[in-house]
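Student: Pulled from TrEMBL, these are the listed features:
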DOMAIN    B:67-117  domain 'NADH-Ubiquinone oxidoreductase (complex I) chain 5 N-terminal'
DOMAIN    B:133-424  domain 'NADH:quinone oxidoreductase/Mrp antiporter transmembrane'
TRANSMEM  B:6-22  transmembrane segment
TRANSMEM  B:29-49  transmembrane segment
TRANSMEM  B:83-104  transmembrane segment
TRANSMEM  B:116-133  transmembrane segment
TRANSMEM  B:212-235  transmembrane segment
TRANSMEM  B:256-279  transmembrane segment
TRANSMEM  B:285-307  transmembrane segment
TRANSMEM  B:314-336  transmembrane segment
TRANSMEM  B:342-362  transmembrane segment
TRANSMEM  B:427-448  transmembrane segment
TRANSMEM  B:469-494  transmembrane segment
TRANSMEM  B:524-547  transmembrane segment
Amino acid sequence: MTLDWPLLSLTTFLPTIGALLILSFVRGTEEEVARNSRWVALWTSIITFVLSLLIWVNFDTTSAEFQLAERWEWLPDFNIAYSLGVDGISLFFVLLSTFLTPICILSAWKAITKHVREYMIAFLILETLMVGMFLATDILLFYIFFEAVLIPMYIIIGVWGGQRRIYAAFKFFLYTLLGSVLMLVAIIYMYQIAGTTDIPTLMQTVFAENVQTWLWFAFFASFAVKVPMWPVHTWLPDAHVEAPTAGSVILAGVLLKMGGYGFLRFSIPMMPLASEQFADLVFWLSVIAVVYTSLVALVQEDMKKLIAYSSIAHMGFVTAAIFSMNEQAIAGSIIQMLSHGVVSGALFLCVGVVYDRLHTREVARYGGLVHNMPKYALFFMVFTMASVGLPGTSGFVGEFLILVGAFQMSTWLAAGLATGMVLGAAYMLYLYRRVVFGELTKDDLKQMLDLSPREVAIFVPLVAIVLWMGIYPASFLDPIEVSVNHLIQQYETAIAAAENSAAAMAAAGQ
Amino acid sequence: MTQVYFIVFLPLLAAIIAGFFGRQLGDRGAHLVTCSSIVVAAVLSWYTFLSMTLGDLEPAVVPVFTWISSGEFSLNWALNVDALTATMLIVVTTVSAVVHIYSVGYMHHDKSQPRFMAYLSFFSFSMLMLVTADNLVQMFFGWEGVGVASYLLIGFWYHKPSANAAAIKAFIVNRVGDLGFALGIFLVFVATGSVLFEDIFPAIPGLVGESYSFLGLELDMITTMCILLFIGAMGKSAQLGLHTWLPDAMEGPTPVSALIHAATMVTAGVFMVCRLSPIFEYSEFALMVVTVVGASTAFFAATVGLTQNDIKRVIAYSTCSQLGYMFFAAGVSAYQAAMFHLMTHAFFKALLFLGAGSVIHAMSDEQDMRNMGGLAGKIKLTYAFMMIGSIALMGFGVPGVFGFAGFYSKDFILEAAWAADTAVSDYALWLGIIAAFMTAFYSGRLLFMTFHGKPRCDEKTLAHVHESPLIMTGPLWILAIGAVLAGIVGYPYFVGHHMAEFWGDAILVLPAHDIFEKAHHPEFWVIATPLAAGLSGFALSFVFYVLNPALPGIVARTFKPLYAMSYNKWYFDEIFDFLFVKPAFCIGRIFWKKGDQGTIDHFGPDGVAARTRDGARLASLMQSGYVYHYAFAMLIGVVLFATWYILSGAA
């Protein structure tokens, strides 16, 4: 379907326009500036979300092509263009970004009191960059968005973060930098071979097998850090702990998905032979991530760290699934990423609610909140269960499809991942018990009030999505199906072609 | 068949209303909504059951809407009703209705009654989804759903640390079983390309003899499937090894114990094996495993039940033991007998639990039988109900004339084990007979310690002892009638002459496994031995706890190791704690401190940063500001460069 107006660009850059509005028109006393910035940011992000829903409405679920495509020549001499498009793989990541941004802005309503204007601007810019990254169909454009996302995130952690924010921001930066440099080198190399940076063309380009290996590792270095995979995960707990609540939500909700999206968009279609060859490596790292980080999560004393470690475990499911290369596994990996985006975001918001009241994340300081915060207890329970992967919630559909897919790949892989089902239940329920259940004995806790209407308004849409994805996931599985099948077909064709040519060469050699 | 919508979804609706609008509705409103919807569901279930098994209602699948569809992995939310489901429907809704109404009285002091009622209704919904599933994944949905309901209800009194610990334990131990269940589902899907029963069952005979590489082992495909699925059943039905959560689950309010941890949820494993009989039938080895595990559990749990002092724990171990009977019945392909015992057991065990609840209620929340005694005269009705429940459990009756419910169902299981006549079925038969002896002993012990002798409680409690109100005793009549009559009425249909029409195609038994003909004509000793074992067990308990109350102490001291073994539940909790729980925390801490911080960070980012700092310091040292230092450095550089250039040029 084609529209006669650039829906994708509009969705991408509307937040920036909002940010510019705040920058140029919001004036007055500090309080007025803060208030107006909040409202402008909220409305901008809500309108952006509505626009992104139009993408979903106009999306043709029977096609694996990039749709609603836009293309403007940028550097025509170099064959580099500004081009956007959406397919079944990127569609819901865009929606996830636009869905979480208003929630983040709303969650920071009271929590952020200094430099509110700058905070809102940072979030809106971040939204543009995230959406642009998922929509880019030019690899250079993708790279620019992909790297630029780091800047507002770095600022959000570094300015509005906790006490050790400098250490965390630095660690975050150091890890991601290394991967990024290698990826840039790989992109330049690919450009030299293919003569273009157009993603659909690059997907058709066949790179030699040894070249694929190098390219694959260069991309892997970047994406593995983002996911993050074991053992390059240690930046995440620190970044989460120091980031403000909304920063954690975006970090867990969207930024981690950039790695998974990268594997699906680049590694598998462009380097299929290397993907097949190094799948075992990914499986090992994924299973280690699931077991290792789940056990580490079990002993955490900081609520945010615990959830951060659980994120690594959940993303371990995703990376294993992506390289299992069958329909259930890949569809499952996308659903799991979406679900994790919503659920882990919601869990960080749950931590934020009590952090705003008591200003500590230490589990031991809490206990018995169910007595004076029953609404909070209910929401927290729903998200806990979704994180555990209870059937009927979003967490189940992704996890179960992944395991079905992984089982077809290897029973070892499925069994290794499935231990996460048990361990995940252990650390989440243990956390919930220590925070919410028990006697309410501490005096400062007794003062805490239950959720405000604003906070309820934040959680209700999240619960709705969690249940929708759990009970009627067809809304999400249908649009991605064709693209997923196309991806697998493309991959299998490439593998078969390589085998044929190897056989032909062997025959010729005899 | 539209009534099945109401049967399943009315409790869900009630749970939502009572759960979210409990404050507005008040206690009374919540009671009304939840109780009325479950009663309606129960009436409709009976209607469905009777018109299916006696009338001409055909089994059917009512689809609701698509759930998950990804390539071949495709399934609907659907409500499937056949004889097996219909039996479960009446068991679940009847006991649930009784428990709902009973709870109105039992919980009347509690300040969060709407929440309690909502949980009960939510449980009923999940259980009904489980039994009406037409595919393995929906069964798994119900399976985990009842697990959550159980978790929430065990931890209902969330201010108690012991209740919270028990709730988590129940969930996690069940999850271990569910892991097996999930892997089993995956294997079924890989083998047959579907998770729908209607596709799976016809595909199974074609898989006989196929092998599958599971975790590096070449195993028989069907056997592997069955064992994995059975691990799930073991978790939910508290079979040996995965049973440790059930006794602890007694931390929950007593109506919960009756509904979830006796009559319905814990029987889900038995139901699963029966539902999947078209798979299990094709693996001799899997059936052997089911038999051995069931028989061992029946025996093990009975030994522990002998020495427990908490009235609810005795009944909990008894439940565990009876579930073992059901499993070994299934293991010898007498699935119908397993379902029969499941049905009768639901009545008398719920009766025993609710009776125990009535005792606890009367005793101001005392559960230790050592502090009871002499209550028979004060709470006559409860005493009568407990007596009926116990007789039904012990399986007393006069062969050929009349017996209480357990007499028919338990004895038939033993007859089936005898008829199967293999090494494992003989194992099951003899352990079953020994367990019957112990069952009678601990049942008698429970009755005598609680109701007979002199009161051992303090004055204040004794003065307060009172019969429960009508709202609690009323519903027990239904269970009591069931405990008395379910056996004699159900026998012809479940396992007797009408069984073929009754079950239809719901259960598959291969002709080679069909022991029913032989089991209907047992030798005399097969009938007499269990009865004799039961009577002598009961008589022995009479000697121990009525005639000579000093005797138990003497026996305990004489056989101290055995007594300790039984009293400490064979040390399962201690062993598991040592093997799994402590190491998990310990390894987690090592990974965190030594792995993440000590290794990855140390050599990774922190290391890089430190080296950079060192490098910077070194560099700053060199910037001494003296020109001759720089000149010297430049000179060395020039010399090195020249050397390299000459050498490489020469080469």
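Glycine is no exception: its Cβ is also placed from the backbone N, Cα and C atoms.
Predicted automatically and left uncurated, TrEMBL annotations should be read as such.
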Student: Examine the transmembrane segment (B:342-362) against the transmembrane segment (B:212-235) and state whether at least 3 Cβ pairs sit under 8 A, considering only residue pairs 6 or more apart.
Tutor: no
Student: Please spell out the DSSP helix, strand and coil residue counts for the domain 'NADH-Ubiquinone oxidoreductase (complex I) chain 5 N-terminal' (B:67-117).
Tutor: 29 helix, 13 strand, 9 coil
Student: Cβ pairs under 8 Å only, please: of the recorded stretches B:29-49, B:256-279, B:285-307, B:427-448, which one is richest in them relative to the transmembrane segment (B:6-22)?
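Tutor: It is B:29-49 that shares the most Cβ pairs under 8 Å with the transmembrane segment (B:6-22).
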Student: Give residue numbers and ranges for long-range contacts of the transmembrane segment (B:427-448): same chain, 6 or more residues beyond its ends, CB-CB under 8 A.
Tutor: 291-292, 294-296, 298-299, 302-303, 305-306, 308, 311, 314-315, 317-318, 321, 324-325, 328, 331-332, 369, 386-387, 390, 393-395, 410, 413-414, 417-418, 529-530, 533-538, 540-542, 544-546
Student: Can at least 3 Cβ pairs under 8 A be found between the transmembrane segment (B:285-307) and the transmembrane segment (B:29-49), with each pair 6 or more apart in sequence?
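Tutor: Answer no: the transmembrane segment (B:285-307) and the transmembrane segment (B:29-49) share fewer than 3 Cβ pairs below 8 Å.
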Student: So what's near the transmembrane segment (B:29-49) in sequence-distant terms, Cβ-Cβ under 8 Å and 6+ beyond its ends?
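Tutor: Same-chain residues near the transmembrane segment (B:29-49) but 6 or more away: 3-4, 6-8, 10-11, 13-15, 17-18, 22, 57, 81, 86-87, 89-90, 92-94, 96-97, 100-101, 104, 113-114, 117-118, 120-121, 124, 128.
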